[in-house]
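What Swiss-Prot annotates here:
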- 240-294: domain 'SOCS box' (DOMAIN)
- MET1: N-acetylmethionine (MOD_RES)
- SER51: phosphoserine (MOD_RES)
- 35-64: repeat 'ANK 1' (REPEAT)
- 166-195: repeat 'ANK 5' (REPEAT)
- 198-227: repeat 'ANK 6' (REPEAT)
Amino acid sequence: MDGKQGGMDGSKPAGPRDFPGIRLLSNPLMGDAVSDWSPMHEAAIHGHQLSLRNLISQGWAVNIITADHVSPLHEACLGGHLSCVKILLKHGAQVNGVTADWHTPLFNACVSGSWDCVNLLLQHGASVQPESDLASPIHEAARRGHVECVNSLIAYGGNIDHKISHLGTPLYLACENQQRACVKKLLESGADVNQGKGQDSPLHAVARTASEELACLLMDFGADTQAKNAEGKRPVELVPPESPLAQLFLEREGPPSLMQLCRLRIRKCFGIQQHHKITKLVLPEDLKQFLLHL
């Protein structure tokens, strides 16, 4: 049963060296302990907080890692187990530990979509900027549609327009995977609506998915319908000519209205993650809602 104490029959409590099937390459009582897999990892990945407490009290290293540099904190975050994350951080777990695949605990929390774990890690100093472009937390959260995680990363200074060569921007990934909530959050927070992947814009990505809703959203935020990708094609040229999306593109191909231009300019003046200040402007409520895309 989870939480069972070793040594209840009077014997010595089970410790790290009582598991001969685990290959330990250094002293497991030290913070740089290495193993193929340990009971600490097992407890963390399954969210067994009582077992985790017992193992720590028996001398197991909080920062024990596998040959691929995976720590118990990585596993707890991947499983979205907030209670285990709290225990590990309380006992000194390395919040910015990096695996052989460049995954950090924060990246794993974004994979699982655990907003609570993301916030706790950020409060304990987790870096929002990735150690490598192979594992970017904000890109992973946007791709999977974890909008609350995206919001927290932005609030802690995450680069909303970080462009990775093989992925593009967070906005591009959200569009490519049709994650509407994340697309809206990124746009509302000031993401560049025309920055995508290479010469592909987010609107090109949306054209391929044939999403009218996302196309409208991007164009409302100023997406360039005339932008050409590496093949010299505009978004409208990526959809069937008679499709509803093609008709929508044709309707929006003309120059934007003065009202739309004013909205885009005012929002740009406020900058990233500052649009909430629009509510403080001395303007009619209807106009504020227009500026906020409400």
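Positions of Cβ are set from backbone N, Cα and C atoms, glycine also.
Note that the structure is predicted; figures quoted are calculated from it, not measured.
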(Q) Give me the count of other Cβ atoms within 10 A of the Cβ belonging to SER51 (phosphoserine). (A) 20
Q. Cβ under 8 Å to the repeat 'ANK 6' (198-227), counting only same-chain residues 6 or more beyond its ends: which ones?
A. 165, 168-169, 171-172, 175-176, 178, 180, 183-184, 187, 233-236, 238-239, 243-245, 248-249, 252-253, 256, 260, 264, 293
(Q) Using DSSP, what is the helix/strand/coil residue split across the repeat 'ANK 1' (35-64)? (A) 17 helix, 0 strand, 13 coil
Q: Please give the sequence-distant neighbours of the repeat 'ANK 5' (166-195): residues at least 6 beyond its ends with Cβ less than 8 Å from one of its Cβ atoms.
A: 133, 136, 138-139, 141-147, 150-151, 154, 160, 201-203, 205-206, 208-209, 211, 213-214, 217-218, 221-224, 227, 267, 270-275, 292-293
